[in-house]
Amino acid sequence: KASVGFKAGVKDYRLTYYTPEYQTKDTDILAAFRVTPQPGVPPEEAGAAVAAESSTGTWTTVWTDGLTSLDRYKGRCYDIEPVAGEESQFIAYVAYPLDLFEEGSVTNLFTSIVGNVFGFKALRALRLEDLRIPPAYSKTFQGPPHGIQVERDKLNKYGRPLLGCTIKPKLGLSAKNYGRAVYECLRGGLDFTKDDENVNSQPFMRWRDRFVFCAEAINKAQAETGEIKGHYLNATAGTCEEMMKRAIFARELGVPIVMHDYLTGGFTANTSLAHYCRDNGLLLHIHRAMHAVIDRQRNHGMHFRVLAKALRMSGGDHVHAGTVVGKLEGERDVTLGFVDLLRDDFIEKDRSRGIYFTQDWVSMPGVLPVASGGIHVWHMPALTEIFGDDSVLQFGGGTLGHPWGNAPGAVANRVAVEACVQARNEGRDLAREGNEVIREACK
C-alpha cells in the first residue's frame, strides 16, 4: 500500500511560521505589521498567518512542499509586541529571505508583502508600519535619478530651501495663459512652478502645447533673472509609452525637470521614467496622488514611510511629504521621521518617530521632501525650521492668491525664505521670533 506522506487538513500557521528564536539576517527584509485579529484568534497565529500568506504559505500542506526547502524560503514571524493603549492590537515583526524578491522591482516587493494578506479573514485589520530594506536589496535599485547634491549643482542654488508653486486654477486654463502664469511666478523669484497632479492632457489644454509654452516661460524668466528655473512638466499618462513620449519631448525642449504621479502611474512606470531621467539629465518630481487612500487609516493599509522608502528605491528627486504646520505635534515627529528616511544615508531605529528599524541606504542618493498644500508666507519660519535647507516649499494659493498678482506673490515668498534663512544663520530662534522676522522683511 502507498505510504502516507503527510496529514491533510487545515494547519495552524504558528506551527511553521511563528519562530521567536529566529535571529534575523543582515540580508533579510524586515516588516513591522500592526495586526488587529478577529476575536478568538491568538496573536501568534495571526502573526504567523501574515508571515505565511505574504511568503510561501497556503492553508494546508501540499505535496510540492517536499520539492523545496521551506526553511530557506519561508517568511517568519519572529517577534510580537502589544500596542500600548490598544487591547486587541499588536505589532508583528516578520523576516523575509532576500531570495523571495525580484531584484530592482518595487512592484514585486509590494506584490509579495502587501499583495494578498490584507484581505485575510482571520484579521480584522492590518497595517504595514515599516520595512527594513537591507543594502543587499537596495543596491539592486538605481534609486533617485540625481539626488539632492547633484540637483543643487545643476540648479546652482545652495544654502536655502527651494521654492515652488502649483499653477492654479489647476484645470481650465489654456496653454498660453498657463505659460503666462508660469512666467510671472518664475520672474518674481520662485525656483520652480508645477503642473497640478491631475493636469495631464485634457481637451482644454493638450500636453504638447503646455510643454511648449512652459518652456518659453522658463527661458524668458531665466534670461531676465539670471537664475536657473524649472517647471515640473507632468509626464503622467494613460500608457507607459505615452509617458515616455512626453518625457522625451520635455528633454528635447531642454527643460530641467519633469514630474510623475507615482502611485496612480504605478511603480513599474515610475522606475522606467526614473531610469530615463538619469540617462538624460532630467530631474524627476514625484507627486503622491492617491496616498491617503492607502495610508490614512490608522489600523489598516500602509504607512506613508513605507511608500516613501519605496519611492526612494524606485526613483524620484522630489516627493511630497506633508507640511506639519497646523497639524498636531505628534504628527511632527512622525513626518520628520520619514523626511529623514528620504534624505539621510543612515537612520537609527526610533520608535517615538515611528521608525521601527535602523535603515542603512549606504550610498543611494537622497530625495528632497516637498511641503505643499495650504501653506503661505506666515508659515515660512516654521517650515524653514522644520524642514531645513534640503526641501522644496510649495505655495500655490500662497503665491497666486497675492492681491497684486503672481509676480509680487512670488517676490513675497522669496523675500520671506531669504529672511528666514538669514535670521536662522544669525542665530535667531525662528520658532519664537518668526513673525517678527517676516514683519521686518515686509518693509
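Note that Cβ sites are derived from N, Cα and C of the backbone, with glycine treated the same way.
Note that this is a predicted model, so its numbers are computed, not measured.
Record features (Swiss-Prot):
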- Lys7: N6,N6,N6-trimethyllysine (MOD_RES)
- Asn116, Thr166, Lys170, Arg288, His320, Ser372: substrate binding site (BINDING)
- Lys168: active site, proton acceptor (ACT_SITE)
- Lys194, Asp196, Glu197: Mg(2+) binding site (BINDING)
- Lys194: N6-carboxylysine (MOD_RES)
- His287: active site, proton acceptor (ACT_SITE)
- Lys327: site 'Transition state stabilizer' (SITE)
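Annotation for the binding-site residues Asp196, Glu197: lowest Cβ count within 10 Å of the residue's own Cβ, Asp196.
Thr166 (substrate binding site) falls within a strand segment according to DSSP. Arg288 (substrate binding site) has Glu197 nearby among the recorded positions Lys7, Lys168, Lys194, Asp196, Glu197, counting only those with a Cα within 10 angstroms of its own Cα. Of all the recorded positions listed (Lys170, His287), Lys170 has the fewest other CB atoms within 10 A of its CB. The two recorded residues, Lys168 (active site, proton acceptor) and Asn116 (substrate binding site), have Cα atoms 39 Å apart. Using Cα positions, the member of the recorded positions Lys170, His287, His320 nearest to Asp196 (Mg(2+) binding site) is identified as Lys170. Ranked by Cβ neighbours within 10 A across all protein chains shown, the recorded positions Lys7, Lys194, Arg288, His320 are led by Lys194. Of the chain residues outside the Mg(2+) site list Lys194, Asp196, Glu197, Thr166, Ile167, Lys170, Asp195, Asn198, Val199, Tyr232, Asn234, Met259, His287 have their Cβ within 8 Å of the site's Cβ mean position. Taking a C-beta cut-off of under 8 angstroms and a sequence separation of 6 or more, Ser372 (substrate binding site) has the following same-chain neighbours: Gly164, Thr166, His320, Thr323, Val392, Leu393, Gln394, Gly396. For the residue listed as 'N6,N6,N6-trimethyllysine', the nearest of the recorded positions by C-alpha distance turns out to be Asn116; the candidates were Asn116, Lys170, Lys194, Glu197, His287. The binding-site residues under consideration are Asn116, Thr166. Their Cβ neighbour counts within 10 Å are lowest for Asn116.
Within the set of binding-site residues Asn116, Lys170, Lys194, Glu197, the entry lying nearest in space to His287 (active site, proton acceptor) is Glu197 (CA atoms).
Packing around Lys168 (active site, proton acceptor) is summarised by its Cβ count: 15 other Cβ atoms lie within 10 angstroms of its Cβ, all protein chains included.
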